[in-house]
Amino acid sequence: MADYDENLSHLRGPSAADIDLDDETQDFRFLSNLPTHDVKDLTLPKRGDKDFESHATSLQLSTLEASRQAMHNALSWPRIHTQKTHLLATYHPESNMAYVKKAKTQHFQTLGHFKAGKNWLLPEEALFMIERGSMDCRWPVQVEEGRTDIIVYDGQEENERGVPMSLQGAYAAFIGFEGGVGGKLTLEMYTVYAGLKRAGFIVFRAGDWDDERLPIQYNEQDARDGDKVKSGNWAFGFVAEIWRRLSRKETEVPADRLKCGPLLGSGLYRSYADIYRLLQVIPTRDRNAPPELILPPDCSNPFRITFDVYKTAGAGKFKKSTRGPPDYRIAVVNARETPVPTMAQLNDLLATTPYDPPNPNGNLYQKLRHGSRNVILAVVDNGIPSYIRVGDTPFTDEKLYKRLGRGPPRGKKSGRGRGRGRGG
Amino acid sequence: MSHDMAADVAVSMPDPLPNDRPSNQITNGVERNEDVNEPKPQIPRPKRPNFAQIHAKPLPLDVYPLPAFIPHNPLSLVRIAIALISQSFWPPSSQTVIHTGYFSKETQSVHVTDAQSIRALWEQGFFGKGSLSRSEPRWLDQEKRKRGLVASLTSEEATRLRREERRQFKLERARKEREAIEQQLREEGKPYPAIQDEEVSVESDLDKSQDSQLQASDERTEGVSPIPTSDSCVVADDNLRRELEEGKDISTQIAEEICQPDIQNQEHLQLTPEEAFFLAHATGALQVYRNNSVVPSSYLLRLFCTYSTFPFSEKAEAYMDTIYRLTELHGRNSIDFSETGAMAPDNPFILRYVVYLHFRSLGWVVRPGVKFAVDYLLYNRGPVFAHAEFAVIIIPSYSHQYWTETSERKAEVDKRQNRGWWWLHRINRVQTQVQKTLVLVYVEVPPPLDEEHRMFHKLNVGDVLQSYKVREFVVRRWTPNRNRD
């Protein structure tokens, strides 16, 4: 049989994992199942299916109407600030941050940092809270000279007398006005931050954004393993060396054959593994060498890890003071200003991510897809983020020729019909 | 020996499939009107040939493993000793057969015309493509089937059948949907819309557009095979055939006659320059001829580099011809060409070959991936065993300091490295659709070769290849909603 190259089906939709439900208009009837009073057992509803074509049945029309009504009901749910949870913040122009004196909501488990009796919110955190309608931010009151004490008028604190900050005002104030390159928080970064927060992730700045890039992360485990082999097995190595000499196995192509070819001599070879070993003449990056940076430190390098992202699965135990290693690292780039990264840029970016080897018991494809280090690029084009996971994959670590005869690994995708679904 | 086996297999491919299968299929489809959602009755699939046996060798080379040592059978030691001794006195060669190919400038490929070589190169490592087939050279089988002679179902036919099957299924599904709507309208007491009268409206708009797409693509598929039979190719083919016939010995002629009782095989195998160079330079299992003489690897490298960009530079072409004639006249190492045009370090052929050799040397079967918007597809063992899991795109990388030394160079390099995200997303979208994983392979481009390498006769192929460095990055889409918990 030939390649199934042309068998690419024009009929199959993308696999379920590739459909981003946010991209589509949904059947909103699920919203009417939301409990309207009991906030305690709020769970995320399941979404309905999408109907494509209109046909003149009343059934379809009533379904559509019900869906619209459900959406309307969900949106018209009154959102109120009770006096108890009313959250008042004050803008701090010097640091371009906002502070809250009393953290009244649970948001502060995953937001802000506590310093000098106040909860300080970074620009993106403050903006997110304002946009969400959970926080009332006020412009600071101009304090006249000589009066530094807090004056209480009619039981009101000073910051309550400030003018409320509008959403437009908040965007104008918080984005691009930090000290640092490009005002640090760009609109692209905020888009990604807000998007991930709304999707239920816990997001923090990676590092403090003051340095040009994060420090290199070395893989300690690798170094330790290397030592073990060196120190423990010299006797084994000695025997292996003797055997190698006895069997006169070629491990390197002699220079003259390399020069004019063929790489393989005209002699006999005992196994295909020997042959493949000789064919490996193209150098790759030494995977055991510690990662190193290629580019000079430069603030204008657009590829820097921007956010540390944590899954919500363990949110109950999440402590912002002891966050631990993040689940994902996200670098935000502007799709219109930044081209696809060069090798040097990717290398430097991945050098600042931790060594994250795949599960050694996984199958070949899983291991290769996982890579030894990884980062997620959030490519934002005018407010629409697209996430791409880039893994540094050592193909040389998985020598396929050692597995010949074993057959390709079967994932859960197996059982596909012959050639249907994907070609090639 | 390998050749005999190859020929045997080609002859004795079973054909368990009756000829009237397509018509069966269609009537089945009509009868199954009532329940489209039910699992389809299993159509007996033709038994696959034993691919593990046919493609046992991953490269067109033989290996001679030592007999196994069996601890409780001391005689096995004797067998090992005998094998060791006999092989040290009369060492067999791993390159049992050296195939021949002819470089064709017009098709920018290397043609292999010997029937046994074609089978061997396809079966042992999946090299090349049949000039009249989609991939595996199966033109003869197709032709035999057309004339009612026995041969197995070709993959092109299988595809056609499957598409027809799928089309019927979709028509059925659309009909079911329409019936459900009609039923609903009847219950609601509404009149049917006017378009329902037409017989054509069986398909919904969506299906219609998809079906027309499908048909168009079918036509295209069928159109693929006639294209290479245009005049120029036939002429080239005939030339090759004549060349072949001159050098053909009687045994192959007999073998061919057994293979093809009445139809003459019009097909040859075409190797891409990378495949040809790999076979010639790395394995030594192929000799590439230009006119009547074998060309050495260093010449071949230059030749492929010259023809890797289009339009060809006339000067470079003329130069390659001159070198060729002079080497013919004077013998190989006696001429000094200081006037040689420098080979661009990021010549597309070299970049492609470096990546090709890299993945081949790790054991992957590397096939061209232009149909999937990529440079290469990586198969585990080969396309008959499983779909390709990885799709490779080659990106030259200019991180050597030479490229940023002067501002003009830097500007030029920046221009060449400027790839937009739309480009990457397009490619990646195609890969997710066909369930492959995209691999970006960055090839580090060295500074231009130094003076001594420019001289043709001193071109050190090994040094050239080793001055490149590859690095792979796997790229996948990441969806926040699917990675939350």
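Here the Cβ of each residue, glycine as well, is placed from N, Cα and C on the backbone.
Per TrEMBL, region 'Disordered' is recorded for B:1-49 (among others).
Under the heading compositional bias 'Polar residues', TrEMBL lists B:21-30.
Residues annotated as compositional bias 'Basic and acidic residues' in TrEMBL: B:180-190. Applying DSSP to the compositional bias 'Basic and acidic residues' (B:180-190) sorts its residues as follows: 9 helix, 0 strand, 2 coil.
What TrEMBL records for B:180-231 (among others) is region 'Disordered'.
The domain 'tRNA intron endonuclease catalytic' annotation in TrEMBL covers B:349-443.
According to TrEMBL, the active site annotation covers B:Tyr379 (among others). Taking a C-beta cut-off of under 8 angstroms and a sequence separation of 6 or more, B:Tyr379 (active site) has the following same-chain neighbours: B:Phe126, B:Trp364, B:Val365, B:Val366, B:Arg367, B:Phe385, B:Ala386, B:His387, B:Ala388. Taken residue by residue with DSSP, B:Tyr379 (active site) is part of a strand.
Residues or ranges marked as active site in TrEMBL: B:His387 (among others).
Sequence-distant neighbours of B:Lys436 (active site): residues of the same chain at least 6 apart with a C-beta under 8 Å from its C-beta are B:Phe372, B:Leu377, B:His387, B:Ala388, B:Glu389, B:Phe390, B:Ala391. What TrEMBL lists as active site is B:Lys436 (among others).
The Cβ neighbour count for B:His387 (active site), using a 10 Å radius over every protein chain in view, is 22.
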